Ligand SMILES: [Zn+2]
Ligand SMILES: [Zn+2]
């Protein structure tokens with residue numbers, strides 16, 4: 001899995017940072033997919049500066065309907081169609097997402113030539129395809145806003161081919177069945193169970209991608225034990241009250257959540273436009289004082305997990 005940040009600024013773009021959007025490239029061997037989380041204005045322009053094009057996206061998750069997370073969506077949907085992409089696309093987001101998208105398309109005389117499904121979510125599991133489970137939790141923001149927990153299913157362990165050959169089993173289609181933990185019958189009548197030749201399953205990755213939020217009880221469940229947590233840190237610790245009054249978090253609050261939830265790594269994003277590069281360094285230092293494994297996302301930063 002890889003995360004690529006397309007925008008990391010809160011509210012308005014700056015010269016260095018566009019408004020919120022990030023790509024999650026699943027990089028799964030049998031279930032490839034590229035997902036987008038939020039789509040602030042200018043996201044398609046940012047996307048052009050990466051290896052991803054809109055046709056590669058198969059799912060878009062919107063955390064909430066504030067413009068800095070949403071206003072890039074109609075343009076991106078239309079460009080995806082004009083480029084001739086026929087692959088279906090599914091949108092997930094709060095109530096009102098369908099009305100926003102359908103109204104923007106209708107009033108602008110636009111349409112999509114690909115199947116577009118819009119799923120207005122509630123708290124709970126919003127997707128489970130056997131490879132990935134995505135759970136949404138309501139956060140604390142002036143408008144309906146969700147965070148997403150993405151859990152990858154465990155991957156089967158590696159097949160010990162050398163041991164199979166040593167036991168007189170020749171490589172071939174049989175190996176594929178054994179890799180799927182199936183029991184096969186050999187020509188000589190022997191029964192062989194794939195489980196006896198597989199190493200332990202590889203644990204799937206877990207991550208949490210937050211929308212805008214002041215601290216709230218749901219945050220802990222959303223982030224508990226994930227390998228990687230993406231959380232806003234709109235303002236510095238000294239401005240915590242102001243941040244919370246507008247439904248945002250301070251650096252300290254994001255870091256303490258990461259610590260309490262036992263996450264592997266914290267990535268902070270959605271920083272106020274008041275901070276220049278030096279100011280952002282200070283935000284990062286504030287987080288690291290409470291949670292050392294913190295990194296700050298810049299536009300086009302990539303994080304592998
Ligand atoms: Zn925002
Ligand atoms: Zn917001």
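Any Cβ shown, glycine's included, is placed from N, Cα and C.
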Open item on the list: Starting from the Zn(2+) 1 binding annotation in TrEMBL that includes 64, 66, 212, which of 28, 141, 290 is the extra site residue?
Closed with: 141
Task: Residue in 270, 304 which TrEMBL records at the Zn(2+) 2 site where 68, 69, 212 also bind - done: 270
TODO: Across all the protein chains here, work out how many other Cβ atoms are within 10 Å of the Cβ of residue 69 (Zn(2+) 2 binding site).
DONE: 26
Open item on the list: I need the CA-to-CA distance for residue 270 (Zn(2+) 2 binding site) versus residue 64 (Zn(2+) 1 binding site), whole Å please.
Closed with: 14
Open item on the list: Out of 66, 212, 270, which binding-site residues have CB atoms lying under 6 Å from ligand 2?
Closed with: 66, 212
- [ ] Provide the number of Cβ atoms within 10 Å of the Cβ of residue 64 (Zn(2+) 1 binding site), excluding the reference atom itself.
- [x] 23
Open item on the list: If I restrict to non-local contacts, at least six residues apart, and a C-beta distance under 8 angstroms, what lies near residue 212 (Zn(2+) 1 binding site) in its own chain?
Closed with: 10, 63, 64, 66, 69, 139, 141, 145, 232, 234, 247, 248, 270
Open item on the list: Say we define neighbours as other CB atoms within 10 Å of the CB. Which of the binding-site residues 66, 270 has the fewest?
Closed with: 66
Open item on the list: Check the DSSP secondary structure of residue 69 (Zn(2+) 2 binding site), expressed as helix, strand or coil.
Closed with: helix
